[in-house]
DNA sequence: ACACTATGAGTTTTT
DNA sequence: CTCATAGTGT
């Protein structure tokens, strides 16, 4: 067979990786070195040359997008198709395993996935339910801690809290949260991985099956794996699996959410005979850009070590612009974009990359002013939108009445007179008797005394509505397992309830009268009053919300079960709900239009653009204030800078502002240290245009000095208080009069430069 | 139960 | 400053 298409276009290092003989490999793939190509061609090589059947190959990525791209490229590459090949995210694969082995994993058959938002609400209710002070145990942090523990593979009983009271309470929250999830049949993201891992450890037969099947493991973005994912791979590989991991320690930027770069080096120790292959030839950027990137990343210690190089052109120097303030910065960037668009054309070639989301605002304003189309990445995704989650929560309840997260959301959206007081009665009962909210409501209606007539009727109506909806969806009862079609209302409450008439033999209902998924959603959106509610929404965005609800129906009508779903025994509804949780969908408006791209440095990883604007390179912003004290975190910031620089193909612009409004106060900042780490010979300093910007600058400082100025004699060592930064000491001062800038060491907020005239300082 | 006001927090994000 | 949420008042 002719396999030249698999190797012809490769350089030596790439070919070495693609054609490697059996064994474990670590491919250190620098930015723009053809990582995905190596990964896909390796799979092609295994299949077509080594004759490895597709079903024996497992390729794991972190995002659905990456998985989708890989599959698309494989479809083009592999003759005979990619049938049987598993390509997916860690979470997606773990999810499928749990669906197929729900019993062994100790889950209800109809378990559903709890997304991050639902998880936080759930934790919040737990914290409140335990009678804890939410200020001392912020639900956000508690949820973060629980996820961290799960990522470390820890259950509440494995945590050594010792005498530390805060930790002990957090463990208590973890335990209670876990109980609540179990009762509700809910599994959060971290739980998917942890359960799948435990499934393997506890069920050797299941593990062996998958070890026998997936003998070839390929992992993308290996530097982003957390402890649990690493353990997962190790267990699955066992003694016989061959692993091919691809990553770049210099692009590890997710340490703060549990990723362990150390896994890259650990891999070489844990997998016997593992060999390293470095991909250092870059096909993306000019040599100027690469030199800059190399010299920045060289400052980091503990690297495996790589030097990017290119056979391509030197290119232009990197333009650096020292802006007066953030408006001036945005003006400069937009001007360059307009020039570029006027000369060459495409706005979509331009990317503005920033450290924090808040920075997009200025750029957006000016882009709007100049009628330049733009797209901001990383907004709310489709399935994360409140109206979508509202609609789906009704479907979740029809599938599983005990889904407390769905219950809490649906119960009073739209408002139906079931307020906090009423819910607290139900919550207390649920907690006290270890029941789901649904069961608690049933009990309260049957024998409770705490609810007044009006509230009681509202609850009764809600329960009846859900039951009624479930009956409409599938007129014949499915199976009587207790989890899905759990609780039928007492006869008296259920209007026209036909006596239960279960099908013999647990046959799956395929009643011709059953509603399609799209019809079910349409029904839910309409019958619950959700659409009416949003149509009359006073907050102005009614139109788009209703459009989104309609779009949800469309999405559902296009939804199809995959062979995998069917094999795992998923119903259409279950599969759709899982899909909604695992693939939150594109960010808003996936317009393929010719738009300027705005995004954070984090979301830029993996992308490339002819023109890149790296903005806000200032100490305190990038690197962020919170990272400068810790060497490890600072190195991660530096890797982020490396990622940013290497996004640029032709031209890189770096900007920083001398003055920037942050959290409502005017801040002065020095250029980022990362800027100083680029050899000056590669830089081209653009002078600010004095005529345009000066008056603005001068004008603002020419205004009468605020009175504070007078009664703040600038003395070094003076203790002062600032409304947002707290107390600190003046350690140095520059300039005079209205231009006076003070350096203040704040006790909690670190060192800042502030304009004396603007900072609201109180001498102490 | 809902609308309004006050208060506080404010890197980075996928699944 | 700007957003989200908590708390207050009707």
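Every residue gets a Cβ built from N, Cα and C, even glycine.
Take the CB of residue A:30 (ATP binding site) and look out to 10 A: across all protein chains shown you find 26 other CB atoms. In the three-state DSSP scheme, residue A:30 (ATP binding site) falls into the coil class. Positions annotated as ATP binding site by TrEMBL: A:29, A:30, A:31, A:32, A:33, A:34, A:35, A:36.
TrEMBL lists A:8-286 with the feature domain 'UvrD-like helicase ATP-binding'.
Annotation comment: TrEMBL describes A:287-606 as domain 'UvrD-like helicase C-terminal'.
What TrEMBL lists as region 'Disordered' is A:480-512.
Annotation for the binding-site residues A:29, A:31: lowest Cβ count within 10 Å of the residue's own Cβ, A:31. The C-beta environment of residue A:33 (ATP binding site), restricted to residues of the same chain at least 6 apart in sequence and closer than 8 Å, consists of A:14, A:279, A:280, A:281, A:282, A:283, A:308. With a cut-off of 8 Å between CB atoms and residues at least 6 apart in sequence, the same chain places A:69, A:70, A:73, A:220 near residue A:36 (ATP binding site), listed in sequence order. Confidence in the domain 'UvrD-like helicase ATP-binding' (A:8-286), given as mean pLDDT, stands at 95.
For the recorded ATP site, residues A:29, A:30, A:31, A:32, A:33, A:34, A:35, A:36 set the reference point as the centre of their Cβ atoms, and the other residues of that chain within 8 Å of it by Cβ are A:38, A:248, A:279, A:282, A:283. Less than 8 angstroms from the CB of residue A:35 (ATP binding site) sit A:27, A:29, A:220, A:246, A:248, A:279, each of them six or more residues away in the same chain. Within 10 Å of the C-beta of residue A:34 (ATP binding site) we count 21 further C-beta atoms, all protein chains included.
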